[in-house]
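Pulled from TrEMBL, these are the features on record:
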- T97, S98, F125, P126, T127, D128, D190, H193, Y213, W243, T269: pyridoxal 5'-phosphate binding site (BINDING)
- K214: N6-(pyridoxal phosphate)lysine (MOD_RES)
Amino acid sequence: MLDRNHCLALDAADPLRAFREEFVLPEGVVYLVGNSLGALPRGTSERVRRTVEDEWGGRLVGGWNQAGWYEMPLRLGDRLAPLIGAGPGQVVVGNTTSIAIFQALAAALRLRQDRRVIVSDASNFPTDHYVAQGLARLLGGYEVRDVSEGRFDDAAVVLLSEVDYRTGARRDVPAVTAAVQAAGALMIWDLCHSVGALQVDVSQADLAVGCTYKYLNAGPGAPAFLYVNPRHHDTAENVLSGWHGHAEPFAFEAGYRPAEGIRRFAVSTPHIVSFAALDAALDVWERVPMDQVRAKSKALTSLFVDLVGDALELVSPADAEERGSQVSFRHPDGYPVMRALIDRGVHGDFRAPDVLRFGFAPLYIRYADVYDAAATLREVLDKELWRDERYAQRLAVT
Ligand SMILES: *Cc1c(COP(=O)(O)O)cnc(C)c1O
């Protein structure tokens, strides 16, 4: 059953197949790193050109009013909201994920001042944990506890990723959120590896953060987003109280007065060129049925797991329902194996100490790509092509 022709037939019947044409993908490359940096949507270059040449070049500082730059953090937040199960006026775009994590954690701690424990996940993408540690040091008297201890009863806040960056394991957002809140803590979800890969629903969470350069395809260094549940809009504080979160930024008052609603979580002058690229990426997402994305994602990852078979040790959950849109394997020489694979046109990435990571972006990855990637991987392993000494030297970004 699992031959290449079967995969071509699956591609022909794929309801999402037309979306691949909307991305720039180099010939001969199977790009399985869309979970790290999504591919370039075809509409982005023109959208960015327009922002740079027509808006900036043509209108100069008038762009803030005439080209709608000033409203972009909230306008793009509203455009992104349906992808995470949020409504209008609940999401602000800007800064980076690490900064949004700082804002969200600090806001949660201010809302639960009777408690002194931050629960975080030591195996999460390290920046989340690092920011929690930095905030605890800054405040003094706070403990950062690992989620594996399973104790929330004295926690102020719990910060977790929906999908684990290394293993691809998916957490049950409604169940975890309910348990955390029942223990009296606030729940912050990091959606970096789930937004654009599956239908997220943060509507019960207290706060959520995520980046837009992974599955959302907004480009390198694209802005992050921050969701705040409306029940906290009047009471949550933005400790990064920059002027864009002020009630009247252009009153230039000496004292900080927070804006109403989600706007108070804006910090500073938005990165308009990057926002333009996100706007173009969202033009694509507006037309994407997320149930089909999830169905294809599960089919692609399952196909890859089946085709690789026992050639490598599977790190990700075996059940597609329990994964995000990535598959990870373990190999003691994972780094040179990945380099050998990339040399043959199959792009995954490597996460220390020994994990080979493959992301499957359902908008532009075909079933035949999965077949080719698995065949190349098996060849690299069977013939030990990774032993070539060229592949041993580590590059700066793995
Ligand atoms: C990718 C990722 C980040 C990225 O943080 P930046 O501040 O944008 O560099 C943060 N957290 C998680 C869980 C991620 O996967």
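Heads up, the Cβ atoms here are built off N, Cα and C, so glycines get one too.
The two recorded residues, T269 (pyridoxal 5'-phosphate binding site) and the residue listed as 'N6-(pyridoxal phosphate)lysine', have Cα atoms 23 Å apart. Highest local Cβ density among the binding-site residues T97, T127, T269 belongs to T97, counted as other Cβ atoms within 10 Å over all protein chains shown. The sparsest Cβ neighbourhood within 10 Å, among the listed binding-site residues (F125, Y213), is found at F125. In the three-state DSSP assignment, the secondary structure recorded for D190 (pyridoxal 5'-phosphate binding site) is strand.
The residue listed as 'N6-(pyridoxal phosphate)lysine' is 14 Å away from F125 (pyridoxal 5'-phosphate binding site) when you measure Cα to Cα. Checked against ligand 1, the binding-site residues F125, Y213, T269 give F125 in sequence order as having a Cβ less than 6 Å away from one of its atoms.
The Cβ of K214 (N6-(pyridoxal phosphate)lysine) lies under 8 Å from the Cβ of G34, N35, S36, L37, G38, C192, H193, V195, G196, G359, each of these being in the same chain and 6 or more residues away along the sequence.
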